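Take a look at the structure below.
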Amino acid sequence: MDTERGNKGERRPWLVGVSGASGTPYAAAVLRALLDAGEAVDLVVSRAARLTLLDETGTAFRDAHWRDDLTAWTGLDEAALDRVRYWSAGDLGAGPASGSYPAKGMVVVPASTASVAGIAIGLSKDLLQRAADVTLKERRPLVVVPRETPLTGTTLRHLVRLDDAGAVILPASPAFYAGAQDVQRLVDFVAGKVLDVLGVHHDLYRRWDGELGGARREATG
Ligand SMILES: Cc1cc2nc3c(=O)[nH]c(=O)nc-3n(C[C@H](O)[C@H](O)[C@H](O)COP(=O)(O)O)c2cc1C
């Protein structure tokens, strides 16, 4: 079955919200992996995320030119872009602002402490936060990938509140047991853990097979 569509053929996207924490490579890796798996994606980029994107990639992300800017940022091809729907963060009348929109669930990657706070208290100050709130109220999967260190007690309490509400808190915390030889592999590890939660197939990292040093032996031939 076409994974981007439901039983009745309607488009059923994953929502990807990119907020203004450092870590835009995590968002790019999640986007690429979902699209590689044949999924549809609805994308929201917060206003603050435009600053982190500009800082980390040199891409100035513009609503009116999102296809060009998304290509410059992620390298996605036209076929993949055709499965992306982009919504402006200020568009509170957008599809994902309603529970009746047929989304599968949502990932906030990276998640700023401000977004964590906003989602935890149901602030809905922009489409990203509203869509996350909708995802929770509809009891759909919500994965939140916070990127900050150290954390205040306030943020820790917000994260517990999100966990209580049913979200999966998946810190941008790459592991080294999978044999990563470069930064992209560390990024892919986090993205792979996100897709694991969503139940979407990927080959982003080498899974632990119970053998100490297995990944290192594989890498060195
Ligand atoms: C270059 C840059 C890097 C930032 N990195 C982080 C970060 O790693 N974690 C975080 O919580 N906030 C970070 N911030 C601060 C957020 O962007 C700020 O709190 C903003 O209000 C978040 O808004 P949003 O959640 O609507 O995207 C950063 C800001 C800038 C400009």
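Note: Cβ is positioned from N, Cα and C throughout, glycine not excepted.
Note that TrEMBL annotation is computational and uncurated.
It should be emphasised that the depicted structure is a prediction, and the values quoted were computed from it without experimental measurement.
Checking the candidates Arg83, Arg147, Arg157 against TrEMBL: the one annotated together with Gly20, Ala21, Ser22, Ser46, Ser112, Thr113, Ala114, Ser115 at the FMN site is Arg147. Taking every pair among Gly20, Ala21, Ser22, Ser46, Ser112, Thr113, Ala114, Ser115, Arg147, the residues recorded as binding FMN, the greatest CA to CA distance is 15 Å.
A Cβ distance below 6 Å to any atom of ligand 1 is met, among the binding-site residues Gly20, Tyr177, Lys193, by Gly20. The FMN site is defined by Gly20, Ala21, Ser22, Ser46, Ser112, Thr113, Ala114, Ser115, Arg147, and by the 8 Å test on Cβ atoms against their centroid, the other residues of the chain that qualify are Ser19, Ala48, Ala49, Thr52, Pro110, Ala111, Val116, Pro146, Glu148.
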